[in-house]
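K.L.:
Handing you this structure, nothing more for now.
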């Protein structure tokens, strides 16, 4: 049996194991972080699950317009445990985005965006995730896949002067075709590895800047080692997430999908209502709330990029919303607004959904551009009053 000293020496001095040790074992972590800090490790788990299931699915998938739909059927019916691979991959993507939204919400609530490098890399990861998920949604080559690809890629035609050329360049022709499916499959296979690389940068920059905590104050004098205090906490979160994923995949595998995608893509028949997956619906609702095409596209893009402005428009002397009652109220209004926009995105483009969507979109941008700086200034002023 090896002595503890030798084990410690290997753990801390080995060129590769020491990196893992610094991330998972001896990492100094604030002593008061809550379960909201679990979602970083859960996102790592989701990414690994998506990579493994995606690689195995790619072994049986055919990126050809005449074979793609049938190859999905082949995976479900003929491949050993193929149905589990497909449903874990599809529902795993939903849980991935759910964890991302909670992770980002925690960052907004506790002011984690003040660590700019960590936050900016996180926003870039989110953008690449959205692109990857969109590319993957096209691959089953069902009706919603085909028409979703047609509608979303057509937004690029709103770019002045070169829009039409850009769309045809993306399509590889004059419509969504075999060339489109091929390049979407190729990029969908590539981007998760890019996300993994950005994830490593995210973790490295986090360890350089140090973790935030629920109080939003410097915690350098009160830290504990990551193992054993938070590894077991993370394991509990992993068990809960795994249980939810297994229940989804076995008992309701298609609950988050669209029935239209059980019909093979037909360029001659348009679905009654075209909509993306649930995790894009808030941005889709913002896009549709503006009647001008270019304006809608800009609003949709800016709804994500506005997150990059947060470190510059934070005016409060307090980082977290823990001790900011006005900021707390505004934040929970934002959460309600996000849920409302998600619901509106799944509804048809008609009244009263259009008008409600316009008000909800207006509040979304007002929160970031008006309420965050205004309430920060107001609360700081009130704190200084004697």
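For all residues, glycine too, the Cβ spot is worked out from N, Cα and C.
Keep in mind it's a predicted model, so treat the numbers as computed, not measured.
Pulled these from Swiss-Prot:
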- 39-59: transmembrane segment (TRANSMEM)
- 83-104: transmembrane segment (TRANSMEM)
- 89, 188: heme b b562 binding site (BINDING)
- 103, 202: heme b b566 binding site (BINDING)
- 119-139: transmembrane segment (TRANSMEM)
- 184-204: transmembrane segment (TRANSMEM)
- 207: ubiquinone binding site (BINDING)
- 232-252: transmembrane segment (TRANSMEM)
- 294-314: transmembrane segment (TRANSMEM)
- 326-346: transmembrane segment (TRANSMEM)
- 353-374: transmembrane segment (TRANSMEM)
K.L.:
Most CB pairs under 8 Å with the transmembrane segment (83-104): which of 119-139, 232-252, 294-314, 326-346?
P.N.:
232-252
K.L.:
So if I exclude everything within five residues of the ends of the transmembrane segment (326-346), which remaining residues of that chain have a CB under 8 angstroms from its CBs? That is, six or more out.
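P.N.:
Tertiary neighbours of the transmembrane segment (326-346) are 101, 105, 108-109, 275-276, 278, 280-286, 288, 316, 353, 356-357, 360-361, 363-364, 367, 371-372, 375-376, 378-379.
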K.L.:
Same chain only, sequence gap of 6 or more: which residues have a CB within under 8 Å of the CB of residue 202 (heme b b566 binding site)?
P.N.:
118, 121, 122, 125
K.L.:
How many Å lie between the Cα of residue 103 (heme b b566 binding site) and the Cα of residue 207 (ubiquinone binding site)?
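P.N.:
Pair distance, Cα basis, whole Å: 17 Å.
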K.L.:
Please report the distance from the Cα of residue 89 (heme b b562 binding site) to the Cα of residue 207 (ubiquinone binding site), rounded to the nearest angstrom.
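P.N.:
It is 30 Å, counting Cα to Cα.
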K.L.:
Round to a whole number and give the Cα-to-Cα distance in Å for the pair residue 188 (heme b b562 binding site) and residue 207 (ubiquinone binding site).
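P.N.:
Residue 188 (heme b b562 binding site) to residue 207 (ubiquinone binding site), Cα-Cα distance: 29 Å.
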K.L.:
Three or more CB pairs closer than 8 Å, sequence separation of 6 or more: does that hold for the transmembrane segment (184-204) against the transmembrane segment (119-139)?
P.N.:
yes
K.L.:
Against which stretches of its own chain does the transmembrane segment (294-314) lie, if we need a Cβ under 8 Å and a gap of at least six residues from its ends?
P.N.:
104, 108, 111, 113-114, 116, 119-120, 123, 126-127, 130, 155, 158-160, 282-284, 286-288, 361, 364-365, 368-369, 372-373, 376
K.L.:
Determine which residues of the chain contact the transmembrane segment (232-252) at the Cβ level, with the cut-off under 8 Å and only residues 6 or more beyond its ends counted.
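P.N.:
Beyond its ends, the transmembrane segment (232-252) has Cβ neighbours at 35, 38-39, 41-42, 45-46, 49, 84, 87-88, 91-92, 94-95, 99.
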K.L.:
Near the residue listed as 'ubiquinone binding site', which residues of its own chain have a C-beta under 8 A away, given they sit six or more steps off in sequence?
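P.N.:
Counting only residues 6 or more apart in sequence, the Cβ neighbours of the residue listed as 'ubiquinone binding site' under 8 Å are 22, 23, 27.
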K.L.:
Would you kindly list the residues that approach the transmembrane segment (353-374) from elsewhere in its chain, counting only those six or more residues past its ends and only Cβ-Cβ distances under 8 Å?
P.N.:
285-286, 288-290, 299, 302-303, 306-307, 309-310, 313-315, 330, 333-334, 337-338, 340-341, 344, 347
